Amino acid sequence: MMEHAPSLTRSDDSARESDSNSTGAHTPFDRSPFAYGQTYTIPPPGMDIIAALPQRVGTPQPSQFRAVLPDIMDPETAANVHIRTVCCIGAGYVGGPTAAVIALHNPHIRVIVVDRDQKRIDAWRGRHLPIHEPGLEDVVRLARDGGAEWYRSKSENEPGSTSDEVEAARQPNLFFSTACVETIKEADMCLISVNTPTKKRGVGAGRATDMAAFEGACRDVAMNAKPGCVLVEKSTVPCKTGQLMKDIMEAHRPGVVFPVLSNPEFLSEGTAVRDLMQPDRVVIGCESTISGHRAAAALANLYAAWVPRERIAPINIWSSELCKLAANAMLAQRISSINSISAICERTGADVGEIAKSVGMDPRIGPQFLKAGLGFGGSCFRKDIASLTYLSESLGLPEVAAYWQQVLTMNDFQRDRFARNVIATLNNSLRGKKITILGYAFKKNTGDARESPALDVIRILLEEGPKSIAIFDPLCSESDIQRELSVLEQDFAVCTPAGPVEVLSDPYAACADSNAILVLTDWDMFKVTPQQTAPTKLLSPAESYDGTTPSDILRITSNFDQQTSITKPPTPPRTPKMSPLPANLQRRLLPEPACPPECAECQTSLTGHGQNDKDILTPLVWADISKIIREPRLVFDGRGVLDPRAMVGMGFRLETLGRASLY
């Protein structure tokens, strides 16, 4: 446990920034509040020495001390901090998009993303990016490949202009490399955005944050960065990680100044580019030192290239580290809260959708994150709440830990309840039955299969020994889904050919001959469109049954059993791609280089499994699905994306979370 916050007990670099106050005397640091490293300074005339004494961690600094620090929001504060090269350590979901947007808006700065995974770096360099985010491809192309010359016509110039103007070609300023050490050596600022998962074993397993990769990145920076390099936390880390970074720097490079900043990301997968291009806030946490404020001002200047300065929030470094955990915990809390109400609704006949709408109309609450469903998933919410509970217990706050632990408990309860209802509706047995799962990703518009609610649902279904489980997701790759499901393999195989779970690229093939369809992701393509609301007949137009008598039901079933082939709707055209770039920048995009003949992604695309061939917006034709699913055409909506009236009109039996069953 750290005794004092670095920003409250010392300013390691202030002695180097104020030559007039330094002396050659050597005084133990803990004996003088004005000692810096191996020297101490004479208090300025008029300063209240008692007020400037070291304070307890978390105590605001005396106003006299804060008044002498430069203003972070003043661009001139960073006049002596020259940022020419930015190194982003980690080419994942945070590092890649963040570096691309910074490079796009700061063409005069070289941004280099480094990672030890050669395959991932090659993907960032090529046509097939390793992650899917709407709009990311164009941002990366323009910053990575540069832009062509643009001839602005007379009509596009200012009024009164009589000649065409030419904008020079944009030079590439976004690079991807595995040369970590070499890149760190030349960097003026290092963004650390490596993975910080939950520990799987050891002290705090299942809750504490695994800081191994983060510590490794800090050591690489400490041993290779040039003096004065600005270190920026981008990864989600526990509070007081800034002190850990300073300790690592001091251990490897004693006496060398490395300003440490905290700049948490508030990106949402599926809208990461939009969140970066139009952020609602940019939080920058820094130490209360002159060098800390100057470094924060330099980072603020990078963001100010496209973010209004009123949206940039400079705060205390400890507050910055904790605010990311607090934000995610409160969002997850809202999800668990409405899910708890959904359970009550199912027992009483109330409609959770109507409740969420009425509650959300209260301006003190708002409508966001009040949609009942399977709960939250992904790599953030669960991990961050677990880290918050562990932090609370470590600080001797068991009541706080129990409070946030209940959010996770309710989240697990919701998906378990959903799966148990599926089994109960199918007569408490899945033997010899096929289950279809539409959507594996934890949310729409992302191919991230990590920590998906579908995993827990499949785990419970497998306990009942189903004949098969067919999974369709428009973006999650088969290899990613199989890797996530591998944690379920203990006494028996899970995935085909030895197991019952199969990942399919065709939603209609996945639904064919299924006993029940489970919608587990809120993809737009799964929603029912107005054109699909008309009832459809199972039989040919020459035959008409209303299904109201036992004889009609028998004849419908007999006709279904005689079907020998499934008519698949024609493949819809690809949905037009939306670009986040303005029209003038879109015109400057250079043609993408061709992939080598041995490109695995291109080979996958030829078989219909590649991401480039997948359309995530063209809706499913539920009327056609009603013809190929077994009676009684059970559909379980775990995301609230299906309209009950429309689905019942097409002959489906719909079960929805938060609404009492009609059957």
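Yeah, the Cβs are placed from backbone N, Cα and C, and that goes for glycine too.
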For the record in TrEMBL, which of the ranges 1-37, 519-555 is the region 'Disordered' one?
-> 1-37
Within 10 A of the CB of Arg120 (NAD(+) binding site), the number of other CB atoms across every chain shown is 20
Sparsest-packed of the listed recorded positions (Leu370, Ala372, Cys380) - C-beta count within 10 angstroms | Leu370
Around Lys324 (substrate binding site), which residues of its chain at least 6 apart sit with Cβ under 8 Å of its Cβ?
-> Thr236, Pro264, Glu265, Phe266, Asp384
Same chain, |i - j| six or more, Cβ under 8 Å of Ser268 (substrate binding site); the result in sequence order is Asp275
Nearest to Thr196 (NAD(+) binding site) in three-dimensional space, by Cα, is which of the recorded positions Leu370, Ala372, Gly377, Cys380?
-> Cys380
Ten-angstrom check, please: count other Cβ atoms within 10 Å of the Cβ of Thr196 (NAD(+) binding site), all chains counted.
-> 23
